[in-house]
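Undergrad: Relevant sequence annotations retrieved from TrEMBL are reproduced here:
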TRANSMEM  49-65  transmembrane segment
TRANSMEM  97-115  transmembrane segment
TRANSMEM  127-145  transmembrane segment
TRANSMEM  187-206  transmembrane segment
TRANSMEM  218-238  transmembrane segment
TRANSMEM  250-268  transmembrane segment
TRANSMEM  275-294  transmembrane segment
REGION    329-370  region 'Disordered'
COMPBIAS  340-370  compositional bias 'Basic and acidic residues'
Amino acid sequence: MMSLKQFWTKKTLVGLGLGQFLSLLITSTGFSSSELSNRGINAPTSQSFLNYALLTVVYGSVMLYKRQALKDRLLNSTKFTSCAVVKAYQYTSITSVMLLDCWSIPSVMLLTFIFLKTKYRFRKRAGVIVCVAGLVMVIFSDVHAGDRSGGRDARKGDLLVIAGATLYAISNVSEEFLVKNANRVELMSFLGLFGAIISAIQISIIEHNELKSIHWTAGAAFPFFGFSLAMFLFYSFVPVLLKMSGSTMLNLSLLTSDMWAVIIRIFAYHEKVDWMYFLAFAAVAVGLVIYSGGDKEEDQHQCIAGVGDEDAGRSKYFDEEADFDNINRGAIAGSSKTGDTSKHDCITSGERSETIENKNIGKEVQGKKS
């Protein structure tokens, strides 16, 4: 039975805290985008470009300063993920988008199990189920509040959401693999570089007229640059959580972003929400604790298993050495026994020849006497 001290480990607390920090960053980007939209500014690619430029400048400078070798490349599928999910809102309801977006969680678990050999015990699977159940409560709360719009092509919208969630899972698992097997600074540098190049191409084709028409004021600049700063921090700390707790923990932590948004609306804008939101938030929080708790004990089990395998290997090695020594001793004993036998045979044959010679001498002496 796991004690409370073993459950609330430092790794568990840091993972939970970092996950909610990332979730709040995502919530802040949502509010920034909403504020820009209210001001008539619609330039999401330009906002992303500034984020990627910051990643390139900051982490690229560190990489060049340390003169690190170029080892890995990151296939960035996040852009295609965002396009697919945003496009899905045009065809299906927000309820369907939120529900099907949960597909990223089982996709991440399946991909990490296949490619990263991650093993999920019963407690972690139970934590995932509780988290998803909490999100389903949010969806039912929206339905209860009157969100029943179906969209013009629900099937097409649902397929786009599933495709986006799958690509997001591939992106997370790929980044987790690179974070655990490569350098984080190099990863962020190339992510920023290629992201900035792709964003610049999109801006030149799609958003150049939109940027020219923006009337820059303090009210417009603050959410614009705030969005980019929040995304820069998000991209910077995501690899830390991926290396510490994995892709599944990241996706589960981000489930609370919508609920943080609801809490901010309640206290900042005095809006009223359905009571199921609070129940859903509690369910997701409990699921996160269940999933991330007791990591130290699992690490100890893995360490003990590794030590056991090492001891087994050592005992097998020593057994083989002992068998080899016994064989050598047997061979030496056999050769010694053979040497003793031959020596005995030589002595016996010598005694026989001496006896025959003495008999012949005795016969010669008797012949002379006679």
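Note that Cβ sites are derived from N, Cα and C of the backbone, with glycine treated the same way.
Those TrEMBL annotations? Automatic predictions, nothing curated.
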Undergrad: Apart from its near flanks, which chain residues at least 6 from the ends of the transmembrane segment (49-65) lie with a Cβ under 8 angstroms of it?
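TA: Sequence-distant neighbours of the transmembrane segment (49-65): 183, 185-186, 188-189, 191-193, 195-196, 199-200, 203, 224-225, 227-229, 231-232, 235-236.
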Undergrad: Which listed range (187-206, 250-268, 275-294) shows the maximal number of Cβ pairs under 8 Å with respect to the transmembrane segment (218-238)?
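TA: Most Cβ pairs under 8 Å with the transmembrane segment (218-238) come from 187-206.
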Undergrad: Excluding the flanking five residues on each side, which residues at least 6 beyond the ends of the transmembrane segment (275-294) place their CB within less than 8 Å of a CB in that stretch?
TA: 2, 6-9, 12, 15-16, 19, 123-124, 126-135, 137-138, 140-141, 144, 245, 248-249, 252-253, 255-256, 259, 262-263
